[in-house]
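According to TrEMBL, the protein carries these features:
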ACT_SITE  D33  active site, proton acceptor
ACT_SITE  D173  active site, proton donor
BINDING   S8, H64, G140, F141, G142, G143, D173, G174, G175, G195, S196  substrate binding site
BINDING   H31, D33, H64, D173  divalent metal cation binding site
Amino acid sequence: MPALINPSILSADFANLERDLHAISTADYAHVDVMDNHFVPNLTLGLPVFERLVQVSPVPVDGHLMIADPDRWAPAYAEAGAASVTFHAEAAQAPVRLARELRRLGARAGLALRPATPVEPFLDLLGEVDMILVMTVEPGFGGQSFIDGTLPKIRRVRRAVSEAGLDVHVQVDGGVSRETIERAAEAGANVFVAGSAVYGAESVPAEIAVLRDMASAHVH
Ligand code: DX5
Ligand code: ZN
């Protein structure tokens, strides 16, 4: 499986989002973090801005919804044209119903887990989703340091996906950089979100290429 690099525009210039989306045109997806100040203590952007980002993005949009009540709000992000819509397991009332609805609307469905949320209750439902997002920091802010304690969970998710013979992506998000991407890949991740590491780099395209090469050497 090739390593996918999804830069997070949380670390972009919010007054120049179109310009900063074009800066990542060599990436696999643009990761867009939606935060509502309820599920996480931070507020970013909502549906009207998200819709425009999908329209101007040179790469497909990977929406990460850190919001309360995704059962109610997430389908609109699929209707807006997101290639992938990820909602949090801790916030969803009916994750299978929601995942099915997202797929019906044409998006890939992702299920996100905070660092302290175990994956085991969801393992029998793997066939209902296209991606599991293992948060490698507490969601809410960019620039935090990678939590190594999440590596065993990444391993367990990858093992369960392999054993089930499914094509479910394993995404990591938070503190992903040249220092951490290899161990995340070695543990079983194949989709890598990086905000500060990409937008803080001297050359954004060069950083995307370096991260992709480093991860690809370890993705299995
Ligand atoms: C954090 C967001 C991340 C964030 C990652 O809650 O979900 O996508 O942008 O930022 P870095 O890569 O700087 O840790
Ligand atoms: Zn994110």
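Heads up, the Cβ atoms here are built off N, Cα and C, so glycines get one too.
Distance from the CA of the residue listed as 'active site, proton donor' to the CA of G142 (substrate binding site) is 10 Å. Look at S196 (substrate binding site): DSSP puts it in a helix. Nearest neighbour of H31 (divalent metal cation binding site) by Cα distance, taken over the recorded positions S8, G140, D173, G175, S196: S8. Distance between Cα atoms for G175 (substrate binding site) and H64 (divalent metal cation binding site): 16 Å, as a whole number. A 10 Å radius around the C-alpha of D173 (active site, proton donor) takes in these binding-site residues out of S8, G140, S196, in sequence order: S8. Of all the binding-site residues listed (S8, S196), S8 sits in the most crowded Cβ setting, with the most other Cβ atoms within 10 Å.
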